[in-house]
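Per TrEMBL, the features are:
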type   : residues : note
DOMAIN : 4-101    : domain 'PH'
DOMAIN : 136-221  : domain 'DEP'
DOMAIN : 244-347  : domain 'PH'
Amino acid sequence: MEPKRIREGYLVKRGSVFNTWKPMWVVLLEDGIEFYKKKSDNSPKGMIPLKGSTLTSPCQDFGKRMFVFKITTTKQQDHFFQAAFLEERDAWVRDIKKAIKCIEGGQKFARKSTRRSIRLPETVDLGALYLSMKDMEKGIKELNLEKDKKIFNHCFTGNCVIDWLVSNKSVRNRQEGLMIASSLLGEGYLQPAGELSKNAADGTAENPFLDNADAFYYFPDSGFFCEENSSDDDVILKEEFRGVIIKQGCLLKQGHRRKNWKVRKFILREDPAYLHYYDPAGGEDPLGAIHLRGCVVTSVESNPDVRKSEEENLFEIITADEVHYFLQAATPKERTEWIKAIQVASRTGK
């Protein structure tokens, strides 16, 4: 019998020879991980055995590259993968750890259908804490802050972070809050904005995180930007990033000129409604943006520019300016989720 497929999807993998980062179709099996250049490929580009392997997450070996985890095999070979966002990385890590544990115990991988009993964690779960901090109602409020004639958008102060941790009873006192906030900063869940907080994070202060009203921070993918003597065009361009992120992940996108398909990381924002797409292997600036206000999005059953074997789960976005974008999801469920989310954004976002 073939090994059971536990999870599959797009991840960015670091090459073992040239050390370049490239998107791959990754399949987690009960006994190993296969990775393919394309989802439609019949044979994998490589395979990582899980027996005796260890997993490290989060992995901060690559500076600003976020949501990375590392698998080290029994032969001491390191394999690095990067997810598109926090929840995706944690889902992969959770399943890989369980698969390794099942191999060690001689058990079959099975997802539990019963709820776990409520118990306090042995250590602080930074990932869960980060999600609580980003909660729209009960989390830390993102503000437009001014300092040295600069406007910092989607930011908050260091003392606001500590205030929230204490009031939320995540820590017992401000000193403990400072330790937790420093860990969040070190793992990339918080980013410094402005010279004061950046200098502290670089090691010029006693603590990397500052419990200070003049130290600014922001969440990754929050739409943060800093205005300083911006032209009107710059302000209009940056307006795209002020919307709240409602969905993100990797999809295949068809190019307009060569009609070739490439994996892109998509971030969907509403109010204003924009779908930005990025090179998943790196780069903070988007490759392009789709303004969704008044757009039409529908599933597509066939496309003359797609081979028969690759025309599953296609959908099309037609903008108000009648520009056509063809995208491909990994599964029918994922296609439906993207279509519904885009439809909501196109109706509600300006």
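Going from the start of the chain as shown, residues are counted 1 onward.
Just so it is clear, glycine is given a Cβ too, placed from its N, Cα and C backbone atoms.
TrEMBL entries are annotated by machine, without manual review.
For the domain 'PH' (244-347), the number of residues in each DSSP class (helix H, G, I; strand E, B; coil) is 19 helix, 45 strand, 40 coil. Residues in the domain 'DEP' (136-221) partition by DSSP class (helix H, G, I; strand E, B; coil) as 33 helix, 19 strand, 34 coil. Along the domain 'DEP' (136-221), the predicted structure has mean pLDDT 88.
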